[in-house]
Amino acid sequence: MAKGDPKKPKGKMSAYAFFVQTCREEHKKKNPEVPVNFAEFSKKCSERWKTMSSKEKSKFDEMAKADKVRYDREMKDYGPAKGGKKKKDPNAPKRPPSGFFLFCSEFRPKIKSTNPGISIGDVAKKLGEMWNNLSDNEKQPYVTKAAKLKEKYEKDVADYKSKGKFDGAKGPAKVARKKVEEEEEEEEEEEEEEEEEEDE
C-alpha cells in the first residue's frame, strides 16, 4: 500500500515473492507456534529457489503474470481518479503575467534570435540579469501594464464563475484547444524558469 493513499492498488508481486509467501504459509502450518526468523528464513528460501527447476518455478511465474494483469487493470482504473495534473478549461481566464513576465515576453524573442540554440535555462538567466539591471523607472511601464492586466483578470474570473464552466465544444475546436494548451504549457515552462531567475 502506498503511504497516504489507501486506494492505490497493491504493488505487483514477482514469482520469487509468491514463492517466499508460499514458503511462509507452509512454515506456519507446520510450525504454528514457532516464530519466523526472517534473516534465516530468507536465506533458506533463496537457496531453495536457486535449486528449483524451471518447471517447478513455472507455477510461481504464472501467479506473477496473473498478478501483473490484476495490477495493470487496477492501476488503469485508479489512474483517472488519482487526478494527476488537472486538465485546464480552455475558456477559463489565463492568469495575468507579472511585470517581469511582460518584460520577458518582449525580450525573449530577441535573445533567441541573437543566440540560436540557446537553452530555456540560459534564456531565463539572461532575462533575469537584464531585469535586475533595470532601474525602477525602467521597470515601471511593465509593472503598470501588469497591474492593469491583473484588474482585467479579476473581472474576467468573476464573469467566468458567474456564467459557469464551458459546455465543451466538439470537432475542430477541440484540436485548436489542444494546440493552444500545448503552446501555453511550453510558455509556462519558460515562465517557471524565468520566475526562478527573478527570485534569485
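Easy rule for this one: first residue shown is 1, then count along the chain.
Just so you know, glycine gets a Cβ as well, placed from its N, Cα and C.
Here Swiss-Prot annotates a disulfide bond for C23; of C45, C104, the partner residue is C45.
Taking Cβ-Cβ distances under 8 Å and a sequence separation of 6 or more, the neighbours of K112 (N6-acetyllysine) in its chain are I118, V123. The two recorded residues K43 (N6-acetyllysine) and K30 (N6-acetyllysine) have their Cα atoms spaced 19 Å from each other. The most crowded of the modified residues listed here (K30, K43, K139) is K139, judged by how many other CB atoms sit within 10 Å of its own CB. Here the Cβ of C104 (cysteine sulfonic acid (-SO3H)) has 28 other Cβ atoms within 10 Å, regardless of which shown protein chain they belong to. When the DNA-binding region (9-79) is classified with DSSP, helix, strand and coil residues number 56 helix, 0 strand, 15 coil. Closest in space to K30 (N6-acetyllysine), of the recorded positions given as C23, C45, S98, C104, K139, is C23, taking the CA atom of each residue.
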